[in-house]
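So the structure is just underneath, and the comments pick up after that.
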Amino acid sequence: MGQVILVTGGARSGKSRHAEARVRALPGQPVYIATARADDDEMRARIAHHIDRRGSGWITVEEPFDLIGALDRSDGQGPRLVDCLTLWLSNLMFDDRAWEPEAEALVAALARQASPVILVSNEVGMGIVPANALARAFRDAQGWLNQRVAEAADEVEFVVSGLPLKVK
Amino acid sequence: MGQVILVTGGARSGKSRHAEARVRALPGQPVYIATARADDDEMRARIAHHIDRRGSGWITVEEPFDLIGALDRSDGQGPRLVDCLTLWLSNLMFDDRAWEPEAEALVAALARQASPVILVSNEVGMGIVPANALARAFRDAQGWLNQRVAEAADEVEFVVSGLPLKVK
Amino acid sequence: MGQVILVTGGARSGKSRHAEARVRALPGQPVYIATARADDDEMRARIAHHIDRRGSGWITVEEPFDLIGALDRSDGQGPRLVDCLTLWLSNLMFDDRAWEPEAEALVAALARQASPVILVSNEVGMGIVPANALARAFRDAQGWLNQRVAEAADEVEFVVSGLPLKVK
């Protein structure tokens, strides 16, 4: 089974940059699996900034929903960076898709990958309880997804101020 | 003095599940001290989910306010799991009770327990400053309470994605 | 070059108290560089509480904007405690000043200090995405500033429930 690494942390904690460095250190041409949807200017600017930072030499796959298909199709090509689980989950939830079976299917898919997978995710549960019910539901789903992926991962890193703390 | 362990982390970080495993590893019949009030459907569903996960073999005590009495009365029965300090604090604050003397009394009570106590609490101060004054007051109180209990504890664990980081 | 230490953590996590202890352990009379503006009662109460806790023996400098000048002017006097980067950044942003060149100038200034500098900062990116665009911009800026200062620092500590986790 290919190595599975979860890199988690807060917004702008440097987790994507750290995850990119981990992927680059692995042999083979890296594949970037972007789950973002370029729906608004803020998100487009953020995506452009990430593409810019990575530089050339990456294969880029944009896949806001079918992450499992993207993993299966790119297996054997090189190490994959999934950036990020938070946007994927949010796409599923805001599109009213059943995210729980998708999450279980992701865990199963990770187990069958031959090439390494580095997954970036967010910590969203360390603020005050959100007043909004949908935000609370998202927070619960994200926490649960992180636990499931962490369980399936060989390594888990929690990034603080750009620096990784080894959790597993 | 009985062992005191604080397990802290974000919402849905897996802290309760980890704390339950710690309690189960200790000798004696475990006592679950639930501080939740089943005021609404969301909370009732969450409590049902926790009871379901723990399974049989636990003594359950529901005590939203008198946590200190619940600890003193159950001392000697077996290891206690307090789930959680955040709901207890929130019950005290929203019921307009003086939470600071209660928190000091809790620290004093922990020092006199003969059986182990594992306390679950939340990290709520790592988001943006809340706009709401009550939310800011709660955040401050929770941070302060966590510091006081951590000081009194023999062990402190910070749970990220279901995995504990040893802090003390 | 003088030692540079970044102490980060959530609101009321005990990071200021921990940072004060680190400064006190260094030789020389400690200098407290306060970036807070005493604009409202809540902030005035918080400042009074901090002054009270530190006790005498500290030189206090209040500098909401010109942090770099305050560092350069106090260099050679003793170890400096900057409390905190979050208020400094917030002062710059809410006063519509260009915070990015200031942040780069801070990193450059840290490299030329002869006396130690301990900087306190906040983790603000581990809650739900804020609905407010200004809050999102602040969260991004704070995360980015923490990364830059952490890169420049000799040591980085993440404080949870009053207890430091070594990150660097």
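For all residues, glycine too, the Cβ spot is worked out from N, Cα and C.
From a predicted model like this one, the values you see are computed outputs, not experimental measurements.
What TrEMBL records for B:Gly9, B:Gly10, B:Ala11, B:Arg12, B:Ser13, B:Gly14, B:Lys15, B:Ser16, B:Ala34, B:Thr35, B:Ala36, B:Glu62, B:Asp83 is GTP binding site. According to DSSP, B:Gly9 (GTP binding site) sits within a strand segment.
Shown in sequence order, B:Ser16, B:Ala34, B:Asp83 are the residues of the chain, 6+ apart in sequence, with a C-beta less than 8 angstroms from the C-beta of B:His50 (active site, GMP-histidine intermediate). The active site, GMP-histidine intermediate annotation in TrEMBL covers B:His50.
Of B:Ala11, B:Ser13, B:Ala36, B:His50, B:Asp83, listed as recorded positions, those near chain A by the criterion of a Cβ under 8 Å from one of its Cβ atoms are B:Ala11, B:Ser13.
In the three-state DSSP scheme, B:His50 (active site, GMP-histidine intermediate) falls into the helix class.
In the three-state DSSP assignment, the secondary structure recorded for B:Asp83 (GTP binding site) is strand.
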